[in-house]
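Before any comments, here is the structure.
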Amino acid sequence: MAKEIKFSDSARNLLFEGVRQLHDAVKVTMGPRGRNVLIQKSYGAPSITKDGVSVAKEIELSCPVANMGAQLVKEVASKTADAAGDGTTTATVLAYSIFKEGLRNITAGANPIEVKRGMDKAAEAIINELKKASKKVGGKEEITQVATISANSDHNIGKLIADAMEKVGKDGVITVEEAKGIEDELDVVEGMQFDRGYLSPYFVTNAEKMTAQLDNAYILLTDKKISSMKDILPLLEKTMKEGKPLLIIAEDIEGEALTTLVVNKLRGVLNIAAVKAPGFGDRRKEMLKDIAILTGGQVISEELGLSLENAEVEFLGKAGRIVIDKDNTTIVDGKGHSDDVKDRVVQIKTQIASTTSDYDKEKLQERLAKLSGGVAVIKVGAASEVEMKEKKDRVDDALSATKAAVEEGIVIGGGAALIRAAQKVHLNLHDDEKVGYEIIMRAIKAPLAQIAINAGYDGGVVVNEVEKHEGHFGFNASNGKYVDMFKEGIIDPLKVERIALQNAVSVSSLLLTTEATVHEIKEEKATPAMPDMGGMGGMGGMGGMM
């Protein structure tokens, strides 16, 4: 297929048009008084959302070059969401502002490479100031505040997340599910999560979230590598008779065995999923034993004189629900005896007390948290399916952002933290590096301005007022007042601000240093010629068909 090439300003201007359109759709969701975006779906009812990344993911433009620009910024929004759980709209607004300012200067003759260097130095300096200004998340109240803001100012969600963290600990596992009714609920169930995802995406049962869920499932645990189907065929036949799903946790599953499992899963013959065993070496054996105790199963190991070919259904663990994504497996409601679990916890605590290695101690504490902490399940209620999906997305975002806050600390929210950090940065740069530095200094005002605009205020006036002051002074867009942001509980996770700025600068630098674009030319399909009508004269005789 023929390709078209566009160069320099022509290419960058089209890329900018794509970024602008994406930005204009996403920016309206920003802040406590951000607006909703209605998205048409290929089937079913349209979805309504105030989540920036959900809007960005839906955008595809007809112009191929503009679409490339939009897709690059869309990727930034997604990466920010994956890493920090929030800040997608901030990253998009920053990327657009940096690209817009940079494009103006490069069109006027600035050197893109020097500009990029100045931008990188400015961003690094601002991030260092953000780190200095951050403070650790203290008690439950601050966790509630962070979660509330990330859930678009929904205090009930904020409280649920804080309660969940209080019950399972800051490092505990928290999952989000749909409730049966319209009320939100919090359940804490015994469970465990480990960092191994499904071995094949064909095991997925929920294509939208790319997760596999098995309810009331058996669990096969082995420290052996499974490469031949005959190793597990007898056991598969026995579990099929029971009519229950099966999760296989093994050192590895490969070749014929994995292919056969996938094919039978796709055909609907087996309800099955497979993951690699967590950990390595001796630690893997211990973690498999932890899972066995939690689920009431037995690790099938040749060291214990057990083989897969002769394994019985009684050796399998059982769990009420198992959820697997590409990175993690969560086992909820394991059917092991509580006394066995308690004994195992005591055993691990004894090992922690006796070990001298910091690394071993850390790994033992991780195992202890997995065994004793359980899993908190937040059940989200709503009156309709559309509302349920929107609310569930908000809870997921709030949960990720809260974990980010616990991890790296918090800064003042409402877009003020970037401005305060920038006020303390004074770099002595020259020529086009200075241009890059000034681009960042102007662009970091954009998030606060957009929050104010969405709330019905003049963005420029609000930014000027905030810049006149120092410390925790900022703008509360919910009521239009200037307040002490920490006292009002208007806070953001440092990780969210940091990653949003880093990603925005990264993609803007790529776009500004782009000198050519290559895309396929859409070929217009020729309209087919009309068929020859010459033989239709005989149709006069059709009168007899009456």
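Every residue, even glycine, has its Cβ placed from backbone N, Cα and C.
For THR29, MET30, GLY31, PRO32, LYS50, ASP86, GLY87, THR88, THR89, THR90, GLY414, ASP492, the entry in Swiss-Prot reads ATP binding site, with the evidence type sequence analysis.
Taking the features listed in Swiss-Prot, we show where each one sits on the structure.
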{"residue": "THR29", "record": "ATP binding site", "DSSP (3 states)": "helix"}
{"residue": "LYS50", "record": "ATP binding site", "DSSP (3 states)": "coil"}
{"residue": "GLY87", "record": "ATP binding site", "DSSP (3 states)": "coil"}
{"residue": "GLY414", "record": "ATP binding site", "DSSP (3 states)": "coil"}
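Cβ neighbour count for GLY414 (ATP binding site): 26 (other Cβ atoms within 10 Å of its Cβ, all protein chains included).
With the fewest other C-beta atoms within 10 Å around its C-beta, GLY31 stands out among the binding-site residues GLY31, GLY87.
Just so you know, the Cβ of LYS50 (ATP binding site) picks up 19 other Cβ atoms within 10 Å once every protein chain is counted. Taking each Cβ in turn and tallying the other Cβ atoms within 10 Å, the top scorer among the binding-site residues THR29, THR89 is THR89. The ATP site in the record is lined by THR29, MET30, GLY31, PRO32, LYS50, ASP86, GLY87, THR88, THR89, THR90, GLY414, ASP492, and its two most distant CA atoms lie 18 Å apart.
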